[in-house]
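Since the structure comes first, as structure tokens, the remarks are kept for the end.
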Amino acid sequence: MHPAAEHSPLGKSSEYIATYTPSLLFPIPRAAKWAELGLTAQTLPYKGVDFWNCYELSWLLPSGKPVVAIAEFSIPADSPNIIESKSFKLYLNSLNQTAFDGAARVQATLEKDLSAAAGKLVGVRIRNLAEIEEEGVAVLPGVCIDELDITVSSYDQPQPELLRCDDSQVIEEAVHSHLLKSNCPVTSQPDWGSVVVEYRGAALDHASLLAYIVSFRQHSDFHEQCVERIFLDLQRLLKPEKLTVYARYVRRGGLDINPYRSTEVLDVDNRRLARQ
């Protein structure tokens, strides 16, 4: 467990405060988890963003009438801190009985508070339900590898030694799996996700990739660090010209988390998947 997470509200009984309380936000420094992967803020081998989508955003108009909306938050992958997820939820709930004179004021408030917690500018987009309905459900790019026949015997920790490639071939492809699962390092609750790998490099053996993804099944770590670990393991193996790893996790408490790490300019489709 990250030492800072021990002091967060995650896994503890919490009072739900319904009036604006920005002090509820609990930042967790990324540095300790980067260090586990041999990284520092100055040596990150990727660009990236963590997309958080909130489906339970509500506030009051000055008249007292409630408003509901969906919010998208984009937290830079090189921000000094992540925001602990339960504290994020408690903070958003604190808007429920607070009056704002419009969505623009809500957006500005969210940007100010979340940027202060993350230590870097956080993008905020507030959307109405009709926009989301019109977008529909996204389909991940590339080939789904979930029907491949594999034998699995260990689930306790990621096993990069399972990964195989043919370095006599250089190819460009996208593959994805819906079998990503890990556990919250604080509560041990399951985190269910889908993951996309897009790259140009040595030809990756798809069955070995699937076995590797499944090896995360009982691993305890935050969403962001799971994706960073996958990125680094594939980068070491493939030595790719370009590489993107993008995971979309099932929501919990009205929030889903979607980390994106890439060697390329960010080009992210943040539409929800069928399980989101």
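Every residue, even glycine, has its Cβ placed from backbone N, Cα and C.
In the three-state DSSP reading, C184 (active site, thioimide intermediate) counts as coil. Marked as active site, thioimide intermediate by Swiss-Prot: C184.
Per Swiss-Prot, the feature active site, proton donor maps to D191; the stated evidence is sequence analysis. Other Cβ atoms within 10 Å of the Cβ of D191 (active site, proton donor), summed over all protein chains shown, number 23. Secondary structure at D191 (active site, proton donor), taken from DSSP and collapsed to helix, strand or coil, is strand.
Here Swiss-Prot flags I83, E84, S85, H223, E224 as substrate binding site, drawing on sequence analysis. In the shown protein chains, 23 other C-beta atoms lie within 10 A of the C-beta of E84 (substrate binding site).
Note on R252 (NADPH binding site): other Cβ atoms within 10 Å of its Cβ, all shown chains, come to 17. The NADPH binding site feature in Swiss-Prot is assigned to S85, K86, R252, G253.
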Sparsest-packed of the listed recorded positions (I83, C184) - C-beta count within 10 angstroms: C184
Assigned element (helix, strand, coil) containing G253 (NADPH binding site), judged by DSSP: coil
Residues close to substrate site centre defined by I83, E84, S85, H223, E224, Cβ within 8 Å: I28, D50, W52, I82, F88, F222, I257
S85 (substrate binding site) - helix vs strand vs coil (DSSP): helix
Close in space, distant in sequence - E224 (substrate binding site), Cβ under 8 Å, 6 or more apart: R30, K33, D50, A77, I82, I257, P259
Residues near H223 (substrate binding site) in space but at least six apart in sequence (CB under 8 A): D50, S182, D191, G193, A247, Y249, I257, P259
